[in-house]
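*Asks:* Annotated [4Fe-4S] cluster binding site per TrEMBL: A:Cys347, A:Cys407, A:Cys410, in sequence order.
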Amino acid sequence: MGRTLFEKIWDSHVVDRQPDGTCLLYIDRHLVHEVTSPQAFEGLRSTGRRVRRLDATLAVPDHNVPTSDRKLGIAEPTSRLQVETLERNCEEFGVELFGVTDQRQGIVHIIGPEQGFTLPGMTIVCGDSHTSTHGAFGSLAFGIGTSEVEHVLATQTLLQRMPKTMRITVDGELGFGVTAKDVILAIIGKIGTAGGTGHVIEYAGSVIRGLSMEGRMTICNMSIEAGARAGLIAPDETTFAYVKGRPMAPKAGAWEQAVAYWRSLPSDPDARYDTEIVLHGQTLEPQVTWGTSPQDVVGITGTVPDPRAADAEDRRRSISRSLEYMGLEAGMPMSEIAIDKVFIGSCTNGRIEDLRAVAKLVEGKKIASRVEAMIVPGSGLVKYQAEEEGLDKIFIDAGFDWREAGCSMCLGMNPDKLKPGERCASTSNRNFEGRQGPGGRTHLLSPAMAAAAALNGHLTDVRDLA
Amino acid sequence: MQPFTKLTGVAAPLPLVNVDTDKIIPAKWLKTIKRTGLGIAAFETLRYETDGSEKPDFVLNREPYRHAEILIAGANFGCGSSREHAPWALLDFGIRCVIAPSFADIFFNNCFKNGILPIVLPQEQIDLLMQEATEADDPTFTVDLEAKEIIRPRGNAPLPFDVDAFSRDCLLQGLDDIGLTLAKSTKIDGFESQQRTGQPWLYRAVA
Ligand code: SF4
């Protein structure tokens with residue numbers, strides 16, 4: 001029987017198989033950031049161990065980094081200590097670091113692909129659940145805990161049980177104004193946040209094949225919100241074209257050899273999956289969340305759900321609680337919800353293509369006067385590229401705040417936070433209670449939809465702006 | 001890692017389902033650079049008022065449960081974010097064993113890596129233990145990992161439990177995962193030299 005892309009990658013990384021089926025898996029790339037690594041380095045230090053593969057390890061601070069002027073440093077003492085600790089650890093162990101003032105600094109899941117550190121066919125880990133992003137290249141990429149970070153630093157391997165496989169096929173094509181973000185939100189709405197539990201998801205079908213690498217990363221990024229261990233997409237010409245020429249990508253002779261290998265990775269036609277799901281591209285409209293879980297999602301032409309219409313008592317209660325937290329009335333049209341803030345950025349939607357989509361919509365216009373809107377590029381290089389293209393001028397003229405790279409308002413660990421009760425249209429990935437700051441209310445949507453909301457001051461169907 | 005053989009201590013009943021890692025340790029505590037010291041913040045929002053004073057009703061604020069070493073909880077314990085700060089906070093508080101009908105995957109694994117024993121039991125047995133922990137004058141239990149049984153107060157019959165052999169071994173001997181893997185260094189070396197020949201582009205030159 002044929003093998004899936006996931007099985008091919010798994011099989012080629014087994015170092016040892018224990019009698020109970022647990023595998024010691026070789027790890028090709030390890031990304032490190034400041035929040036989940038200090039205790040791991042401390043562990044190495046106390047046991048006198050070293051980092052096994054410096055060339056396979058890359059570190060960057062992102063979660064705690066302020067997005068204001070870099071020269072001012074980090075004011076908050078615990079954030080500063082965590083970032084300085086990363087710097088000291090990298091220095092001591094010899095790990096390559098893109099420091100706070102390095103132009104290559106950015107969100108860990110943006111810089112890996114950008115540098116060509118992320119390549120097809122690899123196993124990639126990071127102490128962060130959104131490591132699934134890197135699966136867009138046809139690699140097996142997943143988040144790990146801090147003890148596992150230490151395990152990988154010391155041994156370049158991990159003990160793992162083989163997950164199940166799921167294929168999600170999105171066929172047909174996407175309508176005007178519908179993007180990768182809408183596809184993944186619709187998938188999560190369909191299968192739920194526990195739908196992918198215990199599985200690795202492979203995304204397939206004409207819609208997925210038609211996406212750029214940026215779009216594919218958006219999809220794989222939110223696999224974790226669908227409960228999956230990882231998400232991946234078969235590498236193809238789009239992948240190779242993106243990777244070619246990146247600073248850490250294979251050069252000259254090695255390139256041909258690498259591409260020949262990568263071409264052997266896609267799932268065999270007779271490969272089997274434990275679970276199969278199919279969505280039709282034409283049926284999708286721009287999506288937006290109304291509640292406090294990523295599965296609480298509807299099309300922009302829809303309304304806020306009525307808890308009384310739910311079929312089970314605990315679902316009724318959870319919808320009511322979400323609506324109360326979100327300050328929404330059942331039956332209200334989504335497009336009438338007024339917003340206070342707009343956040344465009346994060347490892348889900350902080351890449352150049354996302355910024356171009358926003359610029360296209362807001363060029364020559366002004367955002368609504370009641371709205372404060374910020375755009376945070378995913379990395380220093382995304383920022384540089386956007387400025388080369390003159391996008392920063394478009395944003396500033398339209399009334400956006402143009403920031404330095406980092407996780408920013410995706411989570412409340414740095415100065416960019418919502419105030420209690422503030423409502424935000426956000427291109428990030430989690431709308432949990434308090435995720436963007438205590439009491440803050442989050443509506444997840446695509447960059448184009450966020451731009452439309454910024455212009456009108458309320459959630460808006462981007463298709464009406466064309 | 002401290003070995004886990006036989007643990008005798010007070011068991012606290014926490015009859016809540018879906019206790020997520022945010023509840024066990026809120027995000028603002030993730031800025032620490034140490035594994036220790038998180039005990040004071042364990043279950044912060046359940047345990048403290050906004051002004052920092054203790055909520056007198058919360059089980060871990062009451063005698064004798066303030067000294068609990070065992071926690072009995074509802075289904076899907078430890079769901080949500082993968083933060084290992086959650087088991088660290090429990091450990092620092094003094095809890096070395098959590099008994100529940102089910103656990104979230106990553107949390108379950110993280111427990112073993114920190115010398116905490118997570119035990120899965122059917123709901124009826126959890127209800128029974130929960131009741132004993134609530135009502136017994138002295139809610140002290142003994143968890144015997146060697147014999148794989150829980151010895152209960154009031155002389156009730158011991159309850160057997162299951163745990164996979166490899167994880168049990170590691171806990172009993174206090175084995176460090178990394179040490180075990182490093183014992184397989186020759187296999188890792190072998191894998192690397194083969195991979196380096198087949199896929200040389202995976203190995204970068206570093207300064
Ligand atoms: S941007 Fe958000 S989701 Fe992504 S790594 Fe940073 S905090 Fe995590």
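From the backbone N, Cα and C atoms, a Cβ is placed for every residue, glycine too.
Looking at the shown structure, what environment does each listed feature sit in?
*Replies:* Other Cβ atoms within 10 Å of the Cβ of A:Cys347 ([4Fe-4S] cluster binding site), summed over all protein chains shown, number 28.
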*Asks:* I want to check the contact list for A:Cys410 ([4Fe-4S] cluster binding site): same chain, sequence separation of six or more, C-beta distance under 8 angstroms. What comes out?
*Replies:* A:Phe343, A:Gly345, A:Ser346, A:Cys347, A:Ser426, A:Ser428, A:Asn429, A:Arg430, A:Arg435, A:Gln436
*Asks:* Just how many other Cβ atoms lie inside 10 Å of the Cβ on A:Cys407 ([4Fe-4S] cluster binding site)?
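*Replies:* Result for A:Cys407 ([4Fe-4S] cluster binding site): 30 other Cβ atoms within 10 Å.
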